[in-house]
Amino acid sequence: MNQEQAEKLYEKALDFANLSGNETVIDAYCGTGTISLYLAQKAKHVIGIEIIKDAIENAKENAKRNKIKNVEFHAADVAKYLPELAKKGIKAEVVVLDPVRAGCDEKVIEAIGKISPKRIVYVSCNVATQARDIERLSKKGYKLIKIQPIDMFPKTTHVETVALLYKLNTEHHLDIEIGEDELSEIDFSKDATYGEIKKYVLDKYGLKVSSLYIAQIKRKHGLIERENYNFSKKENQRVPNCPEEKEKAIEDALEHFGMI
């Protein structure tokens, strides 16, 4: 067991889950509950599922030893139990997938589509089956946001990867008519939010950037911004320009999120 790298993997899973304390998390293929218990510190409730009964007994014992009470573990086949949760109308904001090298059963992918979590954290020891499953999940309305390799097995060809997928918002829409000339100016890609850009810049560069600065750099790169109707009524209003250091940091964030 590579304890040092395992801790990094758990920390990355927690980071990608982006928990506020109000979420229900389903940890599919939970094993002895290590990731479940790690996420429980920031989640409202965690449901762990694992087919190996001994592993579930160990998971329950681990929860007891660590006095963690906001978790429940079930000894069941994920491909059968997850669809049951979906039929019962169980919802979860986050689903964690950590399957064996063969990846996820198609029934699991279908059940996730019905449970409709906002975020999926996919941990894998086989990038080939992970890529296949991510493609399947994309057909359920999910987009791969980022992926992080973890060197769990130094000096070997094996690597562990942690991927983050977001649910695209398809519930809210308007029927509109757009001319061909207008259509060519619209970017239909799923952009990062201002909050995500600010967090990225702060985490990587230690810089705080305003929404105004982000808007300026987006305009510079041809990313259309809606008109700001909150301008001051004063004439000759002076608008500060984004400093060069922050401009480069914002551009790096836009590249990171695939916007430029």
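Placement of Cβ uses the backbone N, Cα and C atoms for every residue, glycine included.
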Item checked: Of the candidates Y29, Y81, Y122, the one that TrEMBL places in the S-adenosyl-L-methionine site of E50, D98 -> Y29
Notebook entry, point to check: Does DSSP put E50 (S-adenosyl-L-methionine binding site) in a helix, in a strand, or in coil?
Noted result: strand
Checklist line | Farthest-apart CA atoms of Y29, E50, D98, residues recorded for S-adenosyl-L-methionine, distance in Å | finding: 10
Note to self: With the cut-off set at 10 Å between Cβ atoms, which of these binding-site residues ends up with the most neighbours? Options: E50, D98.
What the structure shows: E50
Checklist line | Cα within 10 Å of C125 (active site, nucleophile) - qualifying binding-site residues among Y29, E50, D98 | finding: D98
Check: For Y29 (S-adenosyl-L-methionine binding site), what residues in its own chain, 6 or more apart in sequence, show a Cβ-Cβ distance under 8 Å?
Finding: I49, E50, V78, L97, D98, P99, V100
